[in-house]
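**Q** Here it is, the structure, as structure tokens.
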Amino acid sequence: MKHSVSFTYGQHQVTLETGEIARQADGAVIVNMDDTIVLVTVVANKTVAEGQDFFPLTVDYQEKNYAAGKIPGGFFKREGRPSEEETLISRLIDRPIRPLFADGFLNEVQIIATVLSYNPEVSPDIPSIIGASAALKLSGLPFNGPIAAARVGYVNDAYVLNPSPKALKNSRLDLVVAGTESAVLMVESEADQLSEAVMLEAVMFGHRQQQVVIKSINELAAQAAKPAWAWQSPARDEQLDTEVKNHFEERLVAAYQIAHKQTRQETVAQIHADAVALLGIQNNAHGWEETLVNEYVHHLAYRIVRDRILKKQPRIDGRDTKTVRPITIHTSVLPRAHGSALFTRGETQALVVATLGTGRDAQLLDTLDGEVRDNFMLHYNFLPFSVGEIGRIGSPKRREIGHGRLARRGLSAVLPLEEDFPYTIRVVSEITESNGSSSMASVCGSSLALMDAGVPVQTPVAGIAMGLIKEGDEFAILTDILGDEDHLGDMDFKVAGSATGVTALQMDIKINGITEEIMRQALSQAHEGRLHILEVMNQAIAAPRAELSDYAPRFSSMRIDTEKIKDVIGKGGATIRSITEQTGTTIEIEDDGSVKIAATDKAAAANARRLIEEIVAEPEIGRIYDAKVTKITDFGAFLQFLPGKEGLVHISQIADYRVNDVRDELTEGQEVKVKLLEIDRQGRVRLSIKEAK
């Protein structure tokens, strides 16, 4: 039976519908937001896989080309592997939903969001999050939702709910916030150096506006929700709890005071092994399963680390809650790279490299909106040796794509306009050591590498990751968190920005949301940490270098008559290809006649410019040209004096004396100077060799 609810959300009309499509899924909802239509389905396994010790949730977001009336390109003419944007939206759906599943629920769950219809004025990400929340609410799974999501813009000092992609171009903010009725769970944003106060109010504005969504999902659930699963959270085994505490608490307390990450991990791993040996069923008829023993040891470590912090005792590495780890910076570390920096903060290290290219190096993206050209790329690579592990090297994983996009958001606001700096920019962050906050190390390293490359950024940018430990009303905000503090804490709160304001904010909560006061304190503490990091960065390099690297391309610009573009390009691109091969340059010609010549050698650029000028030059009567003999006849010779332009030197114009045979004076391929005498009405050109002497 079909059920639906409708509501107004900002400027959009939204309908949630279920009961007609995908009826064999545990939950299925079609979200229609002004003709952007997304089908979201939820399916869960009824049993837990043997030995399962984590929650296997998978979210797949996919855009169908037919949604925008397009046929896919390529040989196969069908959708292939997920694009970067699809991967990012998959993560955006996953992040606010994951923490709301009941503790101990380990059944595999798959959420699929499929874009069926696309209105360019409505981005599919917000409908997808809403649809996932609604489908979960209908499924009967142990999910503590619903949640809602909203996009917030900031135009003319006013907040805008769910602005269109076109409106976002005039907005100083692009923020997505998701949360439950009472608390915020997730924030993803890019901003134009806005204050912490403006950012916080944007989050709260979005949270207030999304209440209508939560109300509507609850209305739909009242009509069509399936019965709740007969599932109960596993009861705590008090005996195992006691055994683990009695035998291993003292060792765990000592282990989590070891500052060196690898030594600490090895010590904790040994404690786990000893616990399994002592309490596991393999060696003890009255023992417990290995996964259960490890779970209880981990839970004890969780309690130890959190309790120490809430009691205001030193953190794992001995710091207080507001101290940033020691920072070291080196720039120009790679002699042939256009710009490079090695940024190390504690045991987290990023080697970041900036490369400058031409417009031809820009990335072309095939999206539902058509082909999009992107002249700024930031790629994040998490190498397995950075955490002392062996791993596969291949295409980037979801996490790497997400971290790269976050770092890019942090830098976009301070990049120069393309008309002021006509380069394609690629930044690559290689994580060579990792112990928390590697994405924010990438922001810092990228800012340094860009300045080292001579990119005229408006101002330096730094990033910092904040953490949270919360028990009841008691909480502690942690500055510059370690990997273990991220793992054992309740929040990952990343802030990037300049000394002026915030450029990117990302927040993920592992508990059932946080309050405005916690966010305010986290932003304030992050501001202090960011200014400290910027101060250290400025000691290494305070402004972009005045000169580009000797190995970076230089641009020379000129303009030609649009009627001459075809002459410069030549048949099938032969002419321009010949110039680039001859000079070793890269040449771009726009439809308006603007020409950009890129070369690492000034002489090569000048040579390419001269060749183009010769092609587009208009012949001038009385001017002397360097010419080449192309054909000899009985009455004279034809010579090319400009690319694509020939003229005749009559036998009488070859020399001051009488010439009986042209071949006695000239040969094909010979180069001589000629003077242009006349261009007749038919465009025929008369040249003279003797007048040029």
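Placement of Cβ uses the backbone N, Cα and C atoms for every residue, glycine included.
What Swiss-Prot shows for this protein is this:
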- D486, D492: Mg(2+) binding site (BINDING)
- 553-612: domain 'KH' (DOMAIN)
- 622-690: domain 'S1 motif' (DOMAIN)
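Describe the structural context of these features.
**A** Under the DSSP three-state reduction, D492 (Mg(2+) binding site) is assigned to strand. Taking Cβ-Cβ distances under 8 Å and a sequence gap of 6 or more within the same chain, the neighbours of D492 (Mg(2+) binding site) are A465, G467, I481, D486, Q506, M507, D508.
As a whole-number mean, the pLDDT of the domain 'KH' (553-612) in this prediction is 88.
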**Q** Please list, for the domain 'KH' (553-612), how many residues fall into helix, strand and coil according to DSSP.
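**A** Helix, strand and coil residues of the domain 'KH' (553-612) number 32 helix, 16 strand, 12 coil.
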